[in-house]
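Novice: The following block contains the structure, expressed as C-alpha cells.
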Amino acid sequence: MDVVVQLQRQLTDHTASLFHEGFLNEQFNQLQQLQDESNPDFVVEVVSLFFEDSERLLNELAKALEQQAVDYKKVDAHVHQLKGSSSSIGAQRVQAVCIPFRNFCEEQNIEGCLKCLQQVKHEYSLVKNKLETLFKLEQQLIAAGGSFPTL
C-alpha cells in the first residue's frame, strides 16, 4: 500500500499546484464532480476535446494572422471560442490571455494580436502538459489499486 499512498500524495500535490499556480480554477472541480462510476473517463474525454479544439483554433489563428489583410472579426471569433472552451474546463490562464487578445482584435492591432497568440500558445502548452501529467498520475494510482483522494 506504500506505493498507493505515495501516488495519492503525488496526485494531491500536483492537483493543488495546478490551482495554486493559477492553471485551473473551480470550474475544473465542477467538471470532476460530474464524473462517476457510470462515466469514469468523463474528465479525460472533455479535456481531450478541449485539446483537439484548442489546437485547431491555434492553427486557425496563426493562419489568419499571417494573411496580408487580416480578418479581425474572424480572429476575434476564434479567440472568443478558445476563451469559452478554456473557461468550460477551468483553464484560467489560457482564458485570461484571451481577454487582451480580443481587445487587440477590436483595435486591429496586429503586433498585439501576434504577441497574444504567442502567449496563449505558451499557456495552452503549459496547461496541456500539466493536465496530461495529472491524468498519468490518476492512471498509475488506479493501476496500483488505489482510488482518487476526494477534493
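Positions of Cβ are set from backbone N, Cα and C atoms, glycine also.
Unlike curated records, TrEMBL annotations are generated automatically.
As the structure is a computational prediction, the values presented were derived from the model and not from experiment.
Annotations per TrEMBL:
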- 39-144: domain 'HPt' (DOMAIN)
- HIS80: phosphohistidine (MOD_RES)
Novice: Limited to the domain 'HPt' (39-144), I'd like the whole-number average of pLDDT.
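Specialist: Mean pLDDT for the domain 'HPt' (39-144): 97.
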Novice: Neighbour count, 10 Å Cβ-Cβ cut-off, for HIS80 (phosphohistidine): what number do you get?
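Specialist: 15, counting other Cβ atoms within 10 Å of HIS80 (phosphohistidine).
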Novice: Work out, from DSSP, the number of helix, strand and coil residues along the domain 'HPt' (39-144).
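Specialist: So the counts come to 93 helix, 2 strand, 11 coil.
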